[in-house]
Every structure is written in C-alpha cells, then in structure tokens.
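These notes are about the structure you will find just below.
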Amino acid sequence: MASTAVQLLGFLLSFLGMVGTLITTILPHWRRTAHVGTNILTAVSYLKGLWMECVWHSTGIYQCQIYRSLLALPRDLQAARALMVISCLLSGMACACAVVGMKCTRCAKGTPAKTTFAVLGGALFLLAGLLCMVAVSWTTNDVVQNFYNPLLPSGMKFEIGQALYLGFISSSLSLIGGTLLCLSCQDEAPYRPYPPQSRAGATTTATAPAYRPPAAYKDNRAPSVTSAAHSGYRLNDYV
C-alpha cells in the first residue's frame, strides 16, 4: 500500500511537471525588457520566447510575431528549442509508460512487465526534467551575462522572464516525480512463474518403514537345514 501511494505521488508530481514544461515551451516570456538606464520609464515592453517575440503596450495590447527564419536564430535559442521539444516528447512517453506500470491500473496486471513499465516511466521523467533544466539554465545564464555586460547598451538588455521560473519549477517536479516512481519499484520481489519451494520440502528426510504384524513374516522365512535334508537332497551334494 505504501509503494502504491508513492507511485501516485510521483505520477502526480511528474504530470504537473509535464504540463508546466509544455506551458514553458509555448510561452514567449523567456526574456523581457530590462527597465534600466534610459528604459526606466517606457510604455512598451519586449518579450522573447522560443517561437515568437511580442510587444506589450501600456494600454494592454499584445502584438506577437513568429520567427520566420530558423537559420537566422542564434544557436542558443535553437538548442533551447530542441531540448524543450525533446523534453515534452519524453514526458508524454513517460506518462503513458507510468500509467501502464502503476499498481492502481489494470494494464498488464500480474505480469513482470508492469514493474518494468513503471521504472521506464520514471526514468523518462527524469530525463525529460533534466533536459528542461538544461534549457532554462542555459538561457538564464545567457540573460544574466548580457545584463551585466557593460559594452551592451541598455536597450538590448533583457531580464529573466516568467517562463524561465516556471521551467525551473516544472523540471524540479519532473525530477522528483521520476525519482519517486523509480524508488517505488525498488523493493518489490522478483517475478517467479512457479511458487517457491519451501525449505522443509527441499530437504529429504528418512521415513520409518510401515509397521507389519509378525504373522506377515511367516511365509518369508528361509527354509531350515532340516527341511532341506528331508526333501530328498543332501546338502553335501552341492558342495
């Protein structure tokens, strides 16, 4: 029962991490305008994400434009795209494997493959969380380095957007949930197709012979020397 509760908790955390990873991938709030220097008072803010860049006006109007060229994008943005897409795909595969492998489901019940699916789902969640963590950490490091670069004008500096914070939280949930899924299957006994033989039955013990009454041994006695002599044959003939 305890391992089932751990599996449910791990799956719930991992599922929340998967949803957060999807939202992080879609949102354009990876970089936002840094209000420093001459940009302290401005009516326009710029947002940059993996797929589009947006302009936010003080009137509450958003204007977004999708990146039209893939090769014109910087390499760090292309790498972040690839990592986040792979992370989302792995999270979906991990969710399917975990549903099959959990004890509370009927899929593959009573087979050794059920535990294998649960461990595989946990491992895929771990890998997905790691890829998401690498992507958001790489982008955060790039934003911080550009922000403290004195050669860069203040109009080209950006701050950490809300999507990066969500990415850190989502990747942490995926890592924790995947770890719980893997640990919940660690203490289970291996599958055996036949019931194990008891220790008492494995050792052979000598059993006493069955009791027979004395009358049963009367006909089994060997003939005496006297009876053999009276039968017409002498014992000396056989020597």
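Cβ from N, Cα, C; glycine included.
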Go through the topological domain entries in Swiss-Prot and note whether ALA34 and SER184 share a side of the membrane.
no
Report the listed stretch (8-28, 116-136, 163-183) having the maximum count of Cβ pairs within less than 8 Å of the transmembrane segment (82-102).
116-136
